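> What Swiss-Prot lists as active site is S194, D348, H378, and the listing cites similarity to another entry. What Swiss-Prot records for N321 is N-linked glycosylation site. Residues or ranges marked as transmembrane segment by Swiss-Prot on the basis of sequence analysis: 2-22, 46-66, 109-129.
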Amino acid sequence: MVVLALTLLVGSVAVFSLGSLLWVVGKHFWTEHIPEGITHPWRLRILSCLFHLTMTWGMIFEKLGLCYAPQFASFLHDLKPLKRDPDVVVKDLHFGTIPVKLYKPKKPSSIPRLGIIFFHGGGTIIGSLRTHNSICLRLSKECDSVVVSVGYRKSPMYKYPVMKDDCVVATTHFLESLDVYGVDPARVVTCGDSVGGTAATVTSQMLVHRPDLPRIKAQILIYPLLQLIDFGSPSYQQNRNIPLLSWDLAFYCFCCHLDVNISWKSVVKNGMHLPPDVWEKYRKWLGAENIPERFKNRGYKSIPWGPVNNDAYQEIKRSLNYTCSPLISEDSIVSQLPETCIVSCEYDLLRDHSLLYKKRLEDLGVPVTWHHMEDGFHGVLSALDYGLLSFPCASRIMDLIIQFIRKF
């Protein structure tokens, strides 16, 4: 009987796993598009299917009341062994209640080192101190820097503004303790990818009001999310079905973070969540006329205004806060920001965020170094150490970031 029960259990698990895999692969080929401009398209297909497979399993566990889907996906992602470097000392610490990883070169330094505050990406729902460990190791070793990676709390368990608050608290703690970690207060950089770029941007903007703290020397924004207001720009239309960040996944993350009902998807997609007078207030910064024409060549049509759904607007209007959408911060704040390095990717749903923020910064006299990855897609840097599933684009981004940081 025991053997029979085990056989049935193993068989059920095998059928479940195979069925899930076939569903994910079929859905990928039916709904997602890999442009010719992306090198190694099959690597991206495999990564996309693996991610959606973990989320599919997670959704099943969520329906059973066992955990949230992103929690299960994060659990599986964190099973990947951590890379280590004999030249870098890594410590797991807490800044108050916030977990952080501290990376410091083993070789002693006669002078205070440059400091990097790193915020990982993951759409506010996944990503961790472990998933971005290799990036932080390289930054510490190759820039001879002290790196603090912030383990902020994530959605859907923790809604806005918890992530923002955690990042600001951790940054403030570090800036108040630079001498403890051997960091030069005149050389502190913030850095982040995706929503980590959001955190780096928001933190830098909020620190403008803190003259009592050391001033941030530079910020590095890697395909950042910078506004949650307009979802009809050229990159949203061109890259809507391109992994690793499709429109469906982006809106799911949006709803998890801001506690918005996912039933508003079609309303938001068609721009019916925003009253015309509100759009006019921010159009000077978000309008497609601010985007160079060459980025509209793959297709763009202006979305005509439809009837506004006031219920959707009332639920979503919290995104008009600059801590959600730092692209709409006032000139008096943006003009005081430090030198900025921005990395954008052609096949990224959020590409235009980088283009619009670059223009805002430059218009206000803030020095900007911009790198555009013609073969890049959202999330490519997170696959930096994935071996056969990594991309040359990720290595180029890493090299450019290191080159920028070494200036300071």
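Positions of Cβ are set from backbone N, Cα and C atoms, glycine also.
Any idea what these are sitting next to in the structure?
In the structure as shown, the Cβ atom of S194 (active site) sits within 10 Å of 28 other Cβ atoms.
Contacts of D348 (active site) defined by a Cβ separation under 8 A and a same-chain sequence distance of 6+ are given as Y223, S235, N239, I242, L245, G376, F377, H378, in order along the sequence.
Around N321 (N-linked glycosylation site), there are no C-beta neighbours below 8 angstroms that are at least 6 residues distant in the chain.
Listed by sequence, the residues of this chain that lie at least six past the ends of the transmembrane segment (109-129) yet keep a Cβ under 8 A from its Cβ atoms are 70, 73-74, 77-78, 92, 99-101, 135-136, 139-140, 143-152, 154-156, 163, 167, 170-171, 174, 178-179, 181-185, 187-197, 199-200, 203, 222, 245, 249-250, 252-253, 256-257, 379, 382, 405, 408.
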> Would you count the other C-beta atoms found within 10 angstroms of the C-beta of H378 (active site) for me?
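Within a 10 Å radius of the Cβ of H378 (active site) lie 29 other Cβ atoms.
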> How would DSSP class S194 (active site) in three states?
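Once the DSSP labels are grouped into three classes, S194 (active site) ends up as coil.
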> How would DSSP class D348 (active site) in three states?
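Looking at the DSSP assignment, D348 (active site) belongs to neither helix nor strand, so coil.
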